[in-house]
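J.: Could you have a look at this structure, given as structure tokens, before my questions?
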Amino acid sequence: MLTKAEALAHTVIYRKNSRFDKVKEKSEELTLIGKGRSAYVFALTEGGRKMALKVFFPEYQATAVKEAAIYEKLAGSAFYPDIYETGDSFILMEYIKGETFYNCLKKGIAISDDMIQQVEEALSDARAAGLNPSDIHLRNLILTETGAVRVIDVARFEQTKTCTQWDDLKSAYHALYKKPIFPKKIPGFWLEIIAFLYKKDWFQKHFAQRKRKYS
């Protein structure tokens, strides 16, 4: 007999050739709250408790199993969501109410030294669990209503190559964001352009050229 989470996960049917709106069918009990490269996340309420159901695309079922195992290793850390149930294609987890760092920048919610330090502690917990924190970006860091920072989307925490993404974000925070003249509210359009240029290594190449020019 299927658990409720399994049954609800099975109601989610994705369109195969759609990039932005992949949900073809789903239970009315599920509300779409997040979109990612390998899965969509839905909110559901059971017994008065709100939870998040992450349902992976069929081609990413192996990622579901991998991410569930990583969350199990992180179970002792307060910086990651509690996991209630896992399956071949889904993870049922704690619903974290708050704003992503991405939305903080869009809305002008201040990012503080304490928030940066909490991310550092979260990644330190992951390393202590034998993991290699990777693919840390503004959308998987959440500031809760109590001021706590939580980290989600940990599927790449077992990759072996070095990922400098968090170090680059931290450097930008100290070198740019903390400057009094730097805007604390940035339109999403510009955030997307910055992310695109970063992925294309534009900033890395540009600053490397400047360094060579003035060295």
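Numbering starts at 1 and runs along the chain as it is shown here.
Cβ from N, Cα, C; glycine included.
Not measured: the values here are computed from a predicted model.
Residues or ranges marked as active site, proton acceptor by Swiss-Prot on the basis of similarity to another entry: Asp135. According to Swiss-Prot, the ATP binding site annotation covers Ile33, Gly34, Lys35, Gly36, Arg37, Ser38, Ala39, Tyr40, Val41, Lys54, on the basis of similarity to another entry. Per Swiss-Prot, domain 'Protein kinase' is recorded for 27-215.
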J.: Given the binding-site residues Lys35, Arg37, which one is most crowded in terms of C-beta atoms within 10 angstroms?
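T.: Checking each of Lys35, Arg37, the winner is Lys35.
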J.: Work out how many Å separate Lys35 (ATP binding site) and Asp135 (active site, proton acceptor) at their Cα atoms, rounded off.
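T.: Given the Cα positions, Lys35 (ATP binding site) is 16 Å from Asp135 (active site, proton acceptor).
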J.: Assuming the binding residues for ATP are exactly those in the record, Ile33, Gly34, Lys35, Gly36, Arg37, Ser38, Ala39, Tyr40, Val41, Lys54, what is the maximum CA-CA distance in angstrom, rounded?
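T.: It comes out at 15 Å between the most distant Cα atoms.
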J.: Look at the binding-site residues Ala39, Val41 and tell me which residue has the greatest number of other C-beta atoms within 10 angstroms of its C-beta.
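T.: Result for the most crowded candidate: Ala39.
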J.: Whole-number answer please: how many Å between the C-alpha atoms of Asp135 (active site, proton acceptor) and Val41 (ATP binding site)?
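T.: About 18 Å separate the Cα atoms of these two residues.
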J.: So if I measure Cβ to Cβ from Ile33 (ATP binding site) and keep only same-chain residues at least 6 apart in sequence, which ones fall under 8 Å?
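T.: Listed in sequence order, they are Val41, Phe42, Ala43, Ala52.
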J.: Where does the mean pLDDT land for the domain 'Protein kinase' (27-215)?
T.: 92
J.: In DSSP terms, helix, strand or coil for the residue listed as 'active site, proton acceptor'?
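T.: Where the residue listed as 'active site, proton acceptor' sits, the three-state DSSP reduction gives coil.
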